[in-house]
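Accompanying notes for the structure given below.
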Amino acid sequence: MKAVVLALTLAFVAGQNFAPEFAAGKTYVYKYEALILGGLPEEGLARAGLKISTKLLLSAADQNTYMLKLVEPELSEYSGIWPKDPAVPATKLTAALAPQLAIPIKFEYTNGVVGKVFAPEEVSTLVLNIYRGILNILQLNIKKTHKVYDLQEVGTQGVCKTLYSISEDARIENILLTKTRDLSNCQERLNKDIGLAYTEKCDKCQEETKNLRGTTTLSYVLKPVADAVMILKAYVNELIQFSPFSEANGAAQMRTKQSLEFLEIEKEPIPSVKAEYRHRGSLKYEFSDELLQTPLQLIKISDAPAQVAEVLKHLATYNIEDVHENAPLKFLELVQLLRIARYEDLEMYWNQYKKMSPHRHWFLDTIPATGTFAGLRFIKEKFMAEEITIAEAAQAFITAVHMVTADPEVIKLFESLVDSDKVVENPLLREVVFLGYGTMVNKYCNKTVDCPVELIKPIQQRLSDAIAKNEEENIILYIKVLGNAGHPSSFKSLTKIMPIHGTAAVSLPMTIHVEAIMALRNIAKKESRMVQELALQLYMDKALHPELRMLSCIVLFETSPSMGLVTTVANSVKTEENLQVASFTYSHMKSLSRSPATIHPDVAAACSAAMKILGTKLDRLSLRYSKAVHVDLYNSSLAVGAAATAFYINDAATFMPKSFVAKTKGFIAGSTAEVLEIGANIEGLQELILKNPALSESTDRITKMKRVIKALSEWRSLPTSKPLASVYVKFFGQEIGFANIDKPMIDKAVKFGKELPIQEYGREALKALLLSGINFHYAKPVLAAEMRRILPTVAGIPMELSLYSAAVAAASVEIKPNTSPRLSADFDVKTLLETDVELKAEIRPMVAMDTYAVMGLNTDIFQAALVARAKLHSVVPAKIAARLNIKEGDFKLEALPVDVPENITSMNVTTFAVARNIEEPLVERITPLLPTKVLVPIPIRRHTSKLDPTRNSMLDSSELLPMEEEDVEPIPEYKFRRFAKKYCAKHIGVGLKACFKFASQNGASIQDIVLYKLAGSHNFSFSVTPIEGEVVERLEMEVKVGAKAAEKLVKRINLSEDEETEEGGPVLVKLNKILSSRRNSSSSSSSSSSSSSESRSSRSSSSSSSSSRSSRKIDLAARTNSSSSSSSRRSRSSSSSSSSSSSSSSSSSSSSRRSSSSSSSSSSSSSRSSRRVNSTRSSSSSSRTSSASSLASFFSDSSSSSSSSDRRSKEVMEKFQRLHKKMVASGSSASSVEAIYKEKKYLGEEEAVVAVILRAVKADKRMVGYQLGFYLDKPNARVQIIVANISSDSNWRICADAVVLSKHKVTTKISWGEQCRKYSTNVTGETGIVSSSPAARLRVSWERLPSTLKRYGKMVNKYVPVKILSDLIHTKRENSTRNISVIAVATSEKTIDIITKTPMSSVYNVTMHLPMCIPIDEIKGLSPFDEVIDKIHFMVSKAAAAECSFVEDTLYTFNNRSYKNKMPSSCYQVAAQDCTDELKFMVLLRKDSSEQHHINVKISEIDIDMFPKDDNVTVKVNEMEIPPPACLTATQQLPLKIKTKRRGLAVYAPSHGLQEVYFDRKTWRIKVADWMKGKTCGLCGKADGEIRQEYHTPNGRVAKNSISFAHSWILPAESCRDASECRLKLESVQLEKQLTIHGEDSTCFSVEPVPRCLPGCLPVKTTPVTVGFSCLASDPQTSVYDRSVDLRQTTQAHLACSCNTKCS
């Protein structure tokens, strides 16, 4: 029956107004409660929040206008263990808000929809938002004909998708309505972001896991009444969860529960208030003072000036000697106080503190951190009034740019600054302000849907004016500003200066084009499609400079191109002729193809497909070609990632790159940000350093060279590059600074430096240091991070997610001088040299940093939040005393005891819930997130809401849940994990112990995930403390230089005995020897004992015949006296020193047999491939006559080698020892080394030149440490270093002895252990020549080495298996020789053969190809320059020079391409020249009638002719012949040198880019400096590494064959009377037959010049050449050389002509 009644009721209501209504003349009384709590989901943990309880009076005030009043409101704070602890009434806060809460508000309400809200001005925005939270419950959009539907509905939090569900309760005849609002699906979501202007949303990251989710459920019980429905009950349950990581790793929650229960209807209306009601918005939340309020502390401002004064005093007083642990929080308090200050207040504070140095410093550092317009205006006004320095202004502006919230008012202020003369006059400030202007526009546009074009128009206009005036520096600056702003309207302005074909912008300098392309990247973030099209157009333009195309590629891939676009680029790369562009694009796509799917999913997939198209061919290009590297990592579980990208751009395959860019990107919590980017252009750095300082601009030089090149057909010079180095820095995608360095700037800086009285400043600083000392304190506060997101809850209370990080760094330096004798005030340097100076310094660097992560409620009157706080404090004090006596050569440094805190560095991380309110500023209710005591699981009856004291049937519905249930449940018990570890390391010598301690109590026992592991408390600390019983009084280092150095040595070495002098006399010495010999005898059975050397000596003696035969092989050093192998057993040192020679010449017979058989069987030839390793048991024979194969025989210890190997070894030995002929005079042989050691094992005190003592002085005056003695024996060219332990009970020491046997050989013996006897090794290094190639050998032999070396070697070999290392590990086998030899032979300037012989007699041969040239001639002492500076200059230039050569009628270009050059008779060809307008050099080549080559070199005003004459090569300089031997020395006026070299002559002019021109009767060779690569042209090519575009003709066209290319570089004759006897001219030839093109008869002319005889001459020598022809029906106006090619045909080119007398 009830169901029927309800059905009839619903049917009746469907025809009526189905919306809540409140009848006029009645007052509806409701009870309202709201509880907002934040914390982790589990019960038994701490939460913080706010509770609101009140009665509501609701009545109609007018038609569709209602009045709402709160009665007996009560606010309660919650900070405790939920649900055990109760909320605490905030009586004072309630009383403070009571006057506002007592004022009723009015609102429009029509058909269940809340409209405008009205309230008096006395009602604050905060209280009005609480009303909005109540009105949100009344918002009902009920449709008459639908039971389930959704719509975008207005609510407190914005306009979000809301799902309605309507049902009926047949038992009580009520309507049940539920609506669910998805806060992640909103048309308009109300929130405010602060400090997040530079972050971007990572869409793909958010697809995998949502970091911020929210949903609101509202459940209603509606009762049908006469004309509408009445709300009986309403429950609201909202959940907002935030996960800093992935959702699987835990999330913190903010829960809001509201309840509204109908109580009664009163007939008395709500009493009216005498106040003016104003329109105060709508149902939507309104942001207010919470934007300025930090969530870390509440400050009740009663007397702002006094509070500011107190905080400033605290910061200035307590951060001098040490940084106070609360300094960061106090700094944040000062920020908060100044953030709410008006400009007038700041002016008042400034006048009060500007003359108080520490207060002024703290004040100026805090103002920019406030991020307010008033603060920015204050900085501007003080700078304009010159009350702050330029340094203070620059620092303040840089900080303010990134802290100030951007709005039109702030942008206008920056606009006024850019016009200020004071800013324009200072380059640094001008740059900061202009770039800041662009940043402000960018920040404002990021948060505004429609960003006004007017904001950026001033810069666009400036750019247009600068282009019109050709002001390059200003153009670059304005482009950077537009790039920072990233406004889409700037796209048109930037397009106008792009190097698009056919536009006027093509003529602009390339630096402008570079900046314009890079400025597109920020625009691409908003208009990717538009930028994408332009970038692709630039990239596909093959005529564009390669660097610009590569930059376009960077921009293109930052726009997230589609699969089709990436495929288009890949197909373009397949046919790309420029290898720089191909290499860069390929490497870029390859790097992106490996990117994780989360970071670049679409681009990575597209690039993976592109890699399949391209293959791996381009992988073989070397590092001289441009590359892009992208590396990224993303952890989905933590939702954290990082990416790093590096672009290496080159355009001429030079040794140094033209430019590079490196940038990093971070991913965290679903957002991404470009953290840091650094770029540099060093294109002109080499040229700036190595180029001749000033080229002569004389008319004669320029005219001569231009006259020559004018003869070339359609000559077009390359643009002259301006020597320039530039660097820029970007932070969060915004350029914050850049610098362009060129020659004028350097000259200006040098001039400025000369004008400054630097010497005077230095003298005054030295006087201040030595007379009065230094006492310096400095502190710097930094607000490193302030990132906030504020969003309203359904109850109208704002919640906040924020991250704060503040730090205060300080340093205290105090230096006290003491001089003896005391210096006068006007002392000079001479006096100082005779003064004993002592300085005592105490240094205390300190830092304190606080970091807060907050989630909770934040208003200007109350706060309740969950907080994670990390406090870092670090102090590293040091006290040092230094003493210097230059006259005596004494230096002493002491580290003195200093007060060290318990922990040098400590960090405490705690998580807690906190609640506070403004009326009780000294009361903070803090509850640790994890309870400190384990909870007892006893049943607790929870607090039951009084809204429904009796359970009724309505509560049985699953759709409606009361705010707090009555179920009795035990509170869960958690056993929280406690973890503590301590790691210590101590050093007895210095008496200190260092400990790292870690203690943690976390919630991993609740859930073993990241968030719960971080919850709780954690402590990290690092301490350094004295060791008990080993306290050190001080650490000392003493240095003594000079003849009296030995006086400082603590331990003396006996000059006649092997032992140290010890107390006890000779008896103890003899006893020591006896015990030592017994120890040796007892260990004779061990292979590693010292007696093994004796057994090897005996084996060596028994096989003397084998050794004598083997010793005939090359030994790089003079022969060793064989008697050394049988030296007395008493002299262990002598035995050890000779072991290397004896072991290298002796081996077992089995080893010899194996070596012989292996040698005879290994006859395979070795190739010259780079780094190919041949490993054999003996020498590998090679099919080619190479130094590698010859040197392989050096290592054969066998006497049964083949005769050919013996002959080769003997031949190589003779060649190698050519440079050792002069060694005999110095007496440097192996036997002399033994004689030197035998004569005097230890050098005496008179040879000591340096003594160094390192010691620690203990509290009981004991000294421990080491001494180092440096001895020099000049007559024998011997150096000895002895390091000894100065403890009386220790005989440990290191002995190193080096003897220079000749200028080509040095040997070193190193031994260590007890009395330098336990371990020893010999190292011999020598140089020589093998097959005319410089060579060097390093031989290392040892007697015994520590076992730890072998252990570590095994560990390394386990992870990095290397055969050589494996051989070294197994040296204890019977056939091992305990030595290793390495020989390096420079077979050419770019290749080295390295041959290594291991102790297992294995030989490894590696041929290495080097990226640069080895200065072989300089090694041989054949440098063309005598001065050291000139030599260095020459060698640096030569290292990466490009070479072009002519050998046996084949020309090898700079790019190593070869072709046959069919040279014309008597006509010059341009072999190589500087193709820029500077014309630094030119090399011409011709062949005379007798088929002899002539070379002409033009450098500066000098003409050099080299040609064969008789059997020699002759040189003329400016038509004056220089008699042999030709030699011309470089001078400042003559920047070149001519020198005889081998069988010819060589010209050197590296400062002009011409490294070397060598010429003899059969060959010639041209080398250009590395910085000239890409700027040359001629027969030798451009030296740019572009082998696919090798044949560039003078007009820039690429010829299809080498013949046409070579002919284009002929210098034609002007007439038959030309002195050079050249009778050729270059002309376009007509094709003999006519062709029909497009239906018309056309005449065809060659578009490439062809050499033909002059009129009146007949060809006597021709050659066929294929050239391109252009065919047209009529004669066009354009030059034939500019036409396109229609077909290619073969024609005849003339090479030699015969002329008659009529030839003119």
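Including glycine, each Cβ sits where the backbone N, Cα and C put it.
Per Swiss-Prot, signal peptide is recorded for 1-14.
Swiss-Prot lists 22-660 with the feature domain 'Vitellogenin'.
Positions annotated as N-linked glycosylation site by Swiss-Prot: N635 (among others). A strand conformation is recorded for N635 (N-linked glycosylation site) in the three-state DSSP classification. Around N635 (N-linked glycosylation site), the same-chain residues at least 6 positions away in sequence with a Cβ under 8 Å from its Cβ are G641.
Under the heading N-linked glycosylation site, Swiss-Prot lists N903 (among others). With a cut-off of 8 Å between CB atoms and residues at least 6 apart in sequence, the same chain places H873, S1021, F1022, S1023 near N903 (N-linked glycosylation site), listed in sequence order.
The feature N-linked glycosylation site is assigned by Swiss-Prot to N908 (among others), with sequence analysis given as support. The Cβ neighbour count for N908 (N-linked glycosylation site), using a 10 Å radius and every protein chain shown, is 16. The DSSP secondary structure for N908 (N-linked glycosylation site) is strand.
In the three-state DSSP scheme, N1019 (N-linked glycosylation site) falls into the strand class. Residues or ranges marked as N-linked glycosylation site in Swiss-Prot: N1019 (among others).
The feature N-linked glycosylation site is assigned by Swiss-Prot to N1054 (among others), with sequence analysis given as support.
Sequence annotations record features per position, and here Swiss-Prot assigns region 'Disordered' to 1078-1213.
As annotated by Swiss-Prot, N-linked glycosylation site applies to N1080 (among others), with the evidence given as sequence analysis.
Summarising the annotation, Swiss-Prot assigns N-linked glycosylation site to N1121 (among others).
Sequence annotations record features per position, and here Swiss-Prot assigns N-linked glycosylation site to N1174 (among others).
As annotated by Swiss-Prot, N-linked glycosylation site applies to N1285 (among others), with the evidence given as sequence analysis. Mapped onto three states, the DSSP output places N1285 (N-linked glycosylation site) in strand. Annotation for N1285 (N-linked glycosylation site): same-chain Cβ neighbours under 8 Å, separated by at least 6 residues, are G1265, Y1266, N1291, W1292, R1293.
Residues or ranges marked as N-linked glycosylation site in Swiss-Prot (evidence: sequence analysis): N1375 (among others).
Taken from Swiss-Prot, the feature domain 'VWFD' covers 1442-1617, and the record attributes it to sequence analysis.
Shown in sequence order, L1451, Y1452, T1453, F1454, A1471, A1472, R1565, I1566, K1567, L1579, C1580, G1581, A1583 are the residues of the chain, 6+ apart in sequence, with a C-beta less than 8 angstroms from the C-beta of C1444 (disulfide bond). When secondary structure is read from DSSP and collapsed to three states, C1444 (disulfide bond) falls in the strand class. Feature annotation from Swiss-Prot assigns disulfide bond to C1444-C1580 (among others).
According to Swiss-Prot, the N-linked glycosylation site annotation covers N1456 (among others), on the basis of sequence analysis. Around the Cβ of N1456 (N-linked glycosylation site), a 10 Å sphere holds 14 further Cβ atoms from the protein chains shown. In the three-state DSSP scheme, N1456 (N-linked glycosylation site) falls into the coil class.
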Work through the glycosylation sites one by one (N908, N1019, N1456, N1512) and name whichever has its CA nearest to the CA of C1467 (disulfide bond).
N1512
Specify the nearest of the recorded positions N908, N1456, N1512, C1616 to N1019 (N-linked glycosylation site), where nearness means the distance between Cα atoms.
N908
So how many other Cβ atoms are close to C1580 (disulfide bond), meaning within 10 Å of its Cβ?
28
Counting only residues 6+ apart in the same chain, whose Cβ is under 8 Å from the Cβ of N1512 (N-linked glycosylation site)?
P1524
Lowest local Cβ density among C1467, C1616, which the record lists as disulfide-bonded residues, within 10 Å:
C1616
Whole-number Å distance between the CA of C1616 (disulfide bond) and the CA of N908 (N-linked glycosylation site)?
95
Give the distance between the Cα atoms of N908 (N-linked glycosylation site) and N1456 (N-linked glycosylation site), rounded to the nearest whole Å.
64
If you run the three-state DSSP split on N1512 (N-linked glycosylation site), which class comes out?
strand
Helix, strand or coil at N903 (N-linked glycosylation site) [DSSP, three-state]:
coil
Averaging the per-residue pLDDT over the domain 'Vitellogenin' (22-660), what integer do you get?
91
